[in-house]
């Protein structure tokens, strides 16, 4: 099975962990031996961090593959995948490294496994520079399931920066093939809801203040909808360490979902956290796309593997999305086009259609 190694330059485009995630996932699914060089070359701490390493090791274990050069700080790894088995696997970042990013690298792989999988992912659930687990469950999950699969995500423990300590269990069954998706009709916003949380020693008032500030900010722009943001005190036995944050979701008449979120940091007042999330949501509602800026790049790998033509309408195409498209074309040989949307209602906006002729990947292990 091992043919010519595919060479990936980890320093181009996004130049970070995302290149490693998408190239490893595609290598595993397609059975392509891989070498990634210049990993996170331009970052302040170059090379593999604990969360990247734990993700790589889980993918290796999922498919009984061989992994070389996998150590903290390493800037080059080679990976030789074998048959994807499924079963129970654990990935522990031992830091606040994001469980959502671990899910991002592993999900395409377990979809093409021989049997159902149960992934125990440990680290941060609500961490900076990554989706929050609430985003994964409330936005990513219902949209990605349109590709024709279901998964279950059980949040056992929430974990925050810097301690981590969170755990989620993801269960999913393999598929024969993925269906293409067509997300081009935005509809109108029908609901806005969310949750503002505090965990650990932070007072409940912080959650109420974040929620109230976010609601005030949204009301300035969207007056005719009830905005329901619940303040939440995370139960002591379901949260490790201290944290606060907020996620706000807008749902449309056609089932599109958009989010804005923010996490509290030391010295940042609660109102600002709430307003940041609200402004992010409002910005994602202005561009006329059907997905927000964070979902864009997460859908690319599934579009590439699906059987047929997928289309999504987006706002400005992010660097993460350009990166995902580049590697999906290089490794999976899928064909993508990105064009300005020609719909009348989008003419004044920065709106694009990303179209992909998927490769119709069939599960060789089923």
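Glycine residues also receive a Cβ, built from the backbone N, Cα and C atoms like all the rest.
According to TrEMBL, the features are:
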ACT_SITE  320  active site, tele-AMP-histidine intermediate
BINDING   104, 294, 295, 296, 297, 298  ATP binding site
DOMAIN    13-338  domain 'RNA 3'-terminal phosphate cyclase'
DOMAIN    184-285  domain 'RNA 3'-terminal phosphate cyclase insert'
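What TrEMBL annotates, mapped onto the structure for a quick look.
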residue: 104; record: ATP binding site; Cβ contacts under 8 Å, 6 or more apart: 21, 25, 298
residue: 294; record: ATP binding site; Cβ contacts under 8 Å, 6 or more apart: 131, 135, 139, 259
residue: 295; record: ATP binding site; Cβ contacts under 8 Å, 6 or more apart: 139, 140, 143, 257
residue: 296; record: ATP binding site; Cβ contacts under 8 Å, 6 or more apart: 312, 314, 317, 318, 320, 321, 354
residue: 297; record: ATP binding site; Cβ contacts under 8 Å, 6 or more apart: 18, 318, 320, 321, 323, 324
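A 10 Å cutoff on Cβ-Cβ distances gives residue 298 (ATP binding site) a total of 25 other Cβ atoms nearby, all chains included. Regional average pLDDT for the domain 'RNA 3'-terminal phosphate cyclase insert' (184-285) in the model is 97. Neighbours of the ATP site: apart from 104, 294, 295, 296, 297, 298, residues of the same chain with C-beta atoms within 8 angstroms of the site's C-beta centroid are 131, 140, 291, 293, 299, 300, 320, 321, 324. Here the domain 'RNA 3'-terminal phosphate cyclase insert' (184-285) is broken down by DSSP into helix, strand and coil counts: 37 helix, 37 strand, 28 coil. Residues 104, 294, 295, 296, 297, 298 are listed as the ATP binders, and the farthest two of them sit 13 Å apart at their Cα atoms.
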